[in-house]
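TrEMBL annotations:
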| type | residues | note |
| --- | --- | --- |
| TRANSMEM | A:37-57 | transmembrane segment |
| DOMAIN | A:86-295 | domain 'ABC transmembrane type-1' |
| TRANSMEM | A:90-113 | transmembrane segment |
| TRANSMEM | A:119-136 | transmembrane segment |
| TRANSMEM | A:143-161 | transmembrane segment |
| TRANSMEM | A:173-195 | transmembrane segment |
| TRANSMEM | A:216-238 | transmembrane segment |
| TRANSMEM | A:276-297 | transmembrane segment |
Amino acid sequence: MTVPAETIVAMPPERGRKRNWLQSESATGLGLISPTLIYALIFLVVPILLVIANSFWTQHYLVVDRTFTLENYRIAVTDPIYRDLLMRSLWISLLVSFFTVVLAYPIAFFISFHGGRHKGLWLFLITIPFWTSYLLRVMSWKVILGYNGVLNATLMGLGITDQPSDAFLYNTSAVVITLTHAWATFAVLPIFVSLEKIDRTLIEAATDLGDGPVRRFLRITLPLSAPGIISAVLIVMIPTVGDFVTPKLVGGKDGVMIANAIQAQFGKAANWPLGAALSVTTMAVVTAIAAAVVLTIRTAARRIR
Amino acid sequence: MPERTMIEISRVTRSYGAFKALDETSLSIREGEFFSLLGPSGCGKTTLLRMIAGFDTPTSGTISVDGQPMDGIPANRRPTNMVFQSYAIFPHLNVEQNVSYGLKRLRLNPSEEQRRVEEALAQVSLGGLGKRGATELSGGQRQRVALARALVMRPKVLLLDEPLSALDKKLREQMQVELRRLQQAVGITFILVTHDQYEALAMSDRIAVMFGGRIAQVATPKEIYQRPTNCQVADFLGGMNFVKANIVEENGSTITLDTPVFGRVKTDKPVAFARNGNAATLGIRPERLRVLWDDATDKHEVAGKVVDRHYFGEITHLVIEIPGFEKPLSVTETNNFGADDIPVGAPIRLAYDPDALVALAD
C-alpha cells in the first residue's frame with residue numbers, strides 16, 4: 001500500500017509544476033517575444049557576428065584569408081582618412097542631434113501644453129513629411145540649397161546677393177541641415193511623451209512656491225523631461241553616424257562620412273574585412289559617445305535646482 | 001486676539017459656460033482661523049480654494065487677502081501657499097530640496113535657509129529625513145513634506161486641498177490632530193477643503209457648508225452640527241431624523257411647530273429661515289434619542305417597535321417604527337445596555353430631549 005501511495009503523492013506536484021511553468025508569466029513572456037527574438041537573432045545578431053568575424057580576416061583579391069589578424073583594426077584606427085571620417089561623422093551626428101532636439105523641444109512642448117483637444121491632430125500633422133520617401137526629401141533639399149536652387153533665387157530676388165552662391169550645398173552644413181530635417185519628428189515623439197508624463201500639479205506647485213514661467217520651466221519641466229531628451233538624442237545620433245545616403249547626395253567631398261567609406265569597402269574596394277573593422281570600430285565609438293552624452297544630460301538635469 | 005479679516009470674498013462667481021461652479025459667493029475668513037470649506041464633490045469648494053491661490057480667476061467679484069485685492073495678481077506672487085491633494089512632491093528632488101524650493105528665490109544666506117528648512121521639517125516631525133529621496137517616502141511622509149514646503153514660506157494663508165483624503169483612516173485621524181496642533185502653533189490662517197464632515201468638525205474653528213456653488217451656512221462646528229440651517233446641511237453633517245411639521249407660530253428668534261407624536265415644539269428659529277408656506281421639518285440627531293430600558297420612564301417619550309438593527313462595534317444603529325411618523329426613526333445606542341441584542345420586532349420606548357429638536361427650513 002505504501003508504494004502506490006507514494007507514487008500518487010509524488011506524481012501530482014511534478015505534473016503541477018510542468019503545467020504551472022507553461023502558464024507562468026515567464027513562459028507567456030517568452031512565448032510573446034519569441035517571434036521577434038528569433039527574427040532578431042537571425043537578421044541582427046548573426047550578421048553582426050559575421051561582421052565581427054570578418055573584421056579579423058584578410059582579403060586577398062577574390063579569396064578571404066581566415067587567419068586571425070588585427071591589421072584591419074590597425075588601419076581603421078591609425079589611417080588618417082578613416083580617423084578623420086569617423087571624427088567628422090561623430091561631429092555631424094552630435095550637431096544634428098543637438099539641432100534636432102532644440103527644434104523638436106518647442107514643438108513637443110507646444111503640443112503637450114497647449115495642444116488642448118487637438119493633440120492627436122497635431123501629432124498627425126507632424127508625420128506628414130514622412131508620407132514622402134526619405135530620398136525624395138533629401139533630393140528636395142538639393143533643390144532648395146543648390147546653385148540654381150530656391151534659396152539662391154530668393155536671396156537674389158530680395159537683392160541680398162547679386163549672384164548665386166555655391167556655399168549652401170555639398171558641404172558639412174548641407175548634411176547637417178538635411179539630416180536635422182529628416183530626424184526632427186523622431187525627436188518630437190519621445191520628448192512629447194516625457195512632457196505628457198509630467199504631473200501638471202507639479203508645475204502648479206512650483207508656481208505656488210513663487211516661480212514664474214521661465215523658472216518653473218527650468219526647474220521642473222526641463223529636468224523632468226530629461227528622459228525624453230535622452231531618447232531623442234539617442235534615436236537621432238546613433239543612426240545619423242551611420243547615414244550614407246544624405247552625405248552622398250548633398251555632402252560633396254566635405255560631407256563624406258564614415259558610412260560612405262564602409263560602403264566603399266563592401267562595394268567597389270571589395271575589402272570586406274576592412275569594411276567590417278571600420279563598422280565595428282564605429283559601433284564601439286558610437287556606443288561610448290552615446291553613453292557619455294546620456295551621462296552628461298543626466299548630470300545636467302540633476303544639477304538644475 | 002483682535003479679529004482681523006484675512007480673506008474677504010465678495011460676490012465671487014465662477015462660470016464655465018452656462019454652469020456656475022460658484023454663484024455670487026461672499027465670505028470673510030479671520031486671521032489665524034482654521035476654516036473649512038465642506039461640501040460634496042462639485043459644490044465649488046475646490047474652485048473657491050483655487051481662486052484664492054490664483055490658479056483660477058473669478059468671472060466676477062473680488063478676493064482680497066489681508067486687505068489686498070488679488071485681481072490680476074498671479075499665483076506666484078500671492079501670500080498664500082497650498083498643500084495639494086496629490087501632494088505634488090517634486091520627484092527629482094530630495095526632501096530638503098523640496099522644502100527649500102520656494103526659498104531659493106528669496107536668496108537667503110545658506111545657513112539661514114538651512115535653519116528654516118530644518119525648522120519646517122521639525123514642525124512636521126520629519127527631522128533627519130532631509131536627504132531622503134522624494135520617491136522613497138510613504139504617503140504620510142509625502143503629506144508632511146508638502147506641508148513643510150508650504151509652511152517654510154511663512155504664508156499669510158495656508159490652503160489645504162483635501163490633504164488627508166489619500167491616507168488610511170488611522171493615519172488620517174492622527175494627522176487631523178497634528179494639523180490642528182500645528183495650526184495653533186504657527187498661528188497662520190488655514191483654509192481646508194474637505195468632503196469629510198468629521199474632518200471638518202474635528203479641526204475647524206468655523207465651517208462653511210457648500211452646495212451647488214453656494215454657501216448654505218457658515219458657523220462653528222458645534223453650531224453647524226446642532227443647529228443646521230436646512231435639511232441639506234443637517235443631512236450632510238451626519239445622520240438626522242426628519243419629521244414633517246406645520247408652523248404654528250413664528251416670531252423673532254423662535255418658532256413653534258406642530259408635529260405628530262412630539263406635539264407642539266417651540267425652538268430657536270434657524271438663521272436665514274426661509275418660510276415656505278406652512279410646512280417645515282423638525283430634525284433630531286439619532287444619538288439624541290435614548291432607549292428606555294425595562295420600566296424606566298421619561299417626561300418625553302415615544303413608543304414604537306424595532307424594525308432593523310445594524311451593529312458597529314461600539315454602537316448599534318436601531319431603526320424604530322413609530323406609529324404616526326411617515327418614516328422610522330434612527331437611534332444610535334452605545335452597546336452598554338444590550339442594544340446589540342435587542343430582537344427585531346420588539347416593542348421599544350424612546351426618550352428625547354426637547355432641546356435637541358431643531359426646526360429646519362425645507
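A Cβ is built for glycine as well, from the same backbone N, Cα and C atoms used for every other residue.
Automatic prediction, not curation, is the source of TrEMBL annotations.
Values in this document were obtained by computation on a predicted structure and should not be read as measured data.
Take the transmembrane segment (A:90-113) and the stretches A:119-136, A:143-161, A:173-195, A:216-238: counting Cβ pairs under 8 Å, A:173-195 has the most. Counting only same-chain residues 6+ beyond the ends of the transmembrane segment (A:173-195), those with a CB under 8 A from a CB of the stretch are 92, 95-97, 99-101, 103-105, 107-109, 111-113, 123, 126-127, 129-130, 134, 137-138, 141, 145, 221, 224-229, 231-233, 235-236, 239-240, 243, 246-247, 250-252, 255, 257. Highlighted: of the candidate stretches A:119-136, A:143-161, A:276-297, A:276-297 has the greatest count of Cβ pairs under 8 Å to the transmembrane segment (A:37-57).
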